[in-house]
Amino acid sequence: MRSSQNGGAMGGRAAGTGGGGPSAPVDKEVDYAQYFCTYSFLYHQKDMLSDRVRMDAYFNAVFQNKHHFEGKTVLDVGTGSGILAIWSAQAGARKVYAVEATKMADHARALVKANNLDHIVEVIEGSVEDISLPEKVDVIISEWMGYFLLRESMFDSVISARDRWLKPTGVMYPSHARMWLAPIKSNIADRKRNDFDGAMADWHNFSDEIKSYYGVDMGVLTKPFAEEQEKYYIQTAMWNDLNPQQIIGTPTIVKEMDCLTASVSEIEEVRSNVTSVINMEHTRLCGFGGWFDVQFSGRKEDPAQQEIELTTAPSEQHCTHWGQQVFIMSNPINVEEGDNLNLGLLMSRSKENHRLMEIELNCEIKEASGNPKESFKKTYFIE
């Protein structure tokens with residue numbers, strides 16, 4: 001399971017360049033070095049294959065809905081180790097095209113052959129945007145989700161595959177997705193504030209020593225150093241495995257997607273205005289937790305026989321490698337049961353790396369009576 005603050009991408013597989021669009025061309029070599037190369041290692045695949053929540057959801061979605069696979073053609077976008085392609089074949093697919101952008105394709109091909117499915121599953125190494133298939137497909141299956149759903153921008157590649165290769169009657173696995181946000185309490189906020197204060201104290205000691213020993217005044221760099229440290233300690237979202245008891249207000253949906261119709265422009269910039277009500281007495285608002293869920297529902301004209309949901313919500317029993325993204329506040333605020341939080345969220349892609357995210361969060365807190373209490377605006381980074 002993932003326990004580090006950030007680190008390499010963990011949610012989706014390596015499928016294609018995606019993400020750039022005409023306004024932001026993607027350098028494929030840079031993109032490979034920053035993103036794809038991580039997925040070419042078996043230890044990374046093992047981490048994901050060890051996530052029982054993830055594995056059980058996809059396994060049940062496929063095998064409890066065999067009618068979507070039996071005798072059908074399937075495209076697995078970003079196959080990684082090949083597990084979803086193998087399951088699709090075992091569920092009765094006539095042909096499975098398993099696309100993988102990295103050398104992990106060699107391992108997937110070996111795994112497919114070892115499971116006697118190489119007459120059904122064809123592993124294709126390459127970007128899904130660049131490959132060509134001999135036919136349209138009935139199903140597109142992919143595990144494309146990143147932190148807070150959209151980090152990594154891999155869904156761009158799934159959209160490209162869908163628009164090129166999915167039949168008009170085809171289904172998407174998963175079919176729908178949602179992003180959630182909720183106010184939380186956590187001692188992480190205090191710990192990170194202490195870390196920031198410690199870094200600044202160390203800087204001031206360093207600055208004094210440089211001036212004392214070497215006669216150079218470093219004071220002009222204090223402000224940019226503070227901004228740098230604040231981004232690292234306070235503004236960068238953290239991976240965390242939240243306990244449900246840390247949620248102090250109603251979780252709210254900030255984005256819903258139909259994977260059959262969603263467009264790249266729809267996810268390049270996510271805007272949402274929602275309200276959360278504090279439901280805990282005498283507590284502190286220390287930040288916000290963000291997570292996602294996806295559904296395997298088929299399509300309206302061809303629904304799943306058994307709907308399956310994969311959720312990364314805080315749980316006492318089940319942790320996923322995605323965890324939750326925590327957006328901490330440098331100065332927690334005392335709140336009371338019944339207080340209303342009017343939230344405005346804007347999530348966009350980093351200008352430096354389209355697979356990373358920037359979030360602007362506006363919050364206006366009102367008492368249950370409607371009287372204004374406090375308001376703030378924060379910027380966060382999902383890296």
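Glycine residues also receive a Cβ, built from the backbone N, Cα and C atoms like all the rest.
The region 'Disordered' annotation in Swiss-Prot covers 1-23. Feature annotation from Swiss-Prot assigns domain 'SAM-dependent MTase PRMT-type' to 29-360; the stated evidence is sequence analysis. Taken from Swiss-Prot, the feature S-adenosyl-L-methionine binding site covers Gln45, Arg54, Gly78, Glu100, Glu129. If you look up Swiss-Prot, you'll see Glu143, Glu152 marked as active site, on the strength of similarity to another entry. Per Swiss-Prot, the feature region 'Dimerization arm' maps to 190-230.
Pairwise Cα distances among Gln45, Arg54, Gly78, Glu100, Glu129, which the record gives as the binders of S-adenosyl-L-methionine, peak at 26 Å. Mapped onto three states, the DSSP output places Glu100 (S-adenosyl-L-methionine binding site) in strand. Of the listed recorded positions, namely Glu100, Glu129, Glu143, Glu152, the sparsest Cβ surroundings within 10 Å are found at Glu129. Between the C-alpha atoms of Glu152 (active site) and Glu143 (active site), the distance comes to 12 Å.
Ranked by Cα separation from Glu143 (active site), the binding-site residues Gln45, Arg54, Glu129 are led by Arg54. A simple way to gauge crowding: the CB of Arg54 (S-adenosyl-L-methionine binding site) has 19 other CB atoms within 10 angstroms, across all the protein chains here.
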